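For reference, the structure discussed in these notes is given below.
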């Protein structure tokens, strides 16, 4: 796609904001193809961030005042443009949701769930039931696994060796 083509319809002679096709209003996705960027129209409706309604964008909204700023609570601007000092937010524990500590320091250890074994009472870094990704058994890791896994060569497709050990010449 050349730089003077419309990003909505791909034709020359106008820009996307003036596109007569009315496709999408800038919601299209560009995908990388062999010939460069190609436009794929998206059926997602336009949603106004000012009022939350679909069918138009904030610049076309009848509602003049934005929703309240997340920083100061007043309307007319968004948090990134707020003139008030940035409000400090206290970090909360992901385990119990209370402020003042992080999950790794949580007193509610019996409620902590391990992402490795799925049991309660500890977190993954403290898990004693390590799981081998090679054989799927618990109690050891892959480097210490006694079960050999079948390896396949990416060069020739045969099993039993890796590409770096392959005797077949690489084709360009």
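Yeah, the Cβs are placed from backbone N, Cα and C, and that goes for glycine too.
Of all ranges given (25-42, 151-168), Swiss-Prot attaches the label zinc finger to 151-168. Tertiary neighbourhood of the zinc finger (91-108): same-chain residues 123, 125, selected by CB-CB distance under 8 Å and a gap of 6+ residues from either end.
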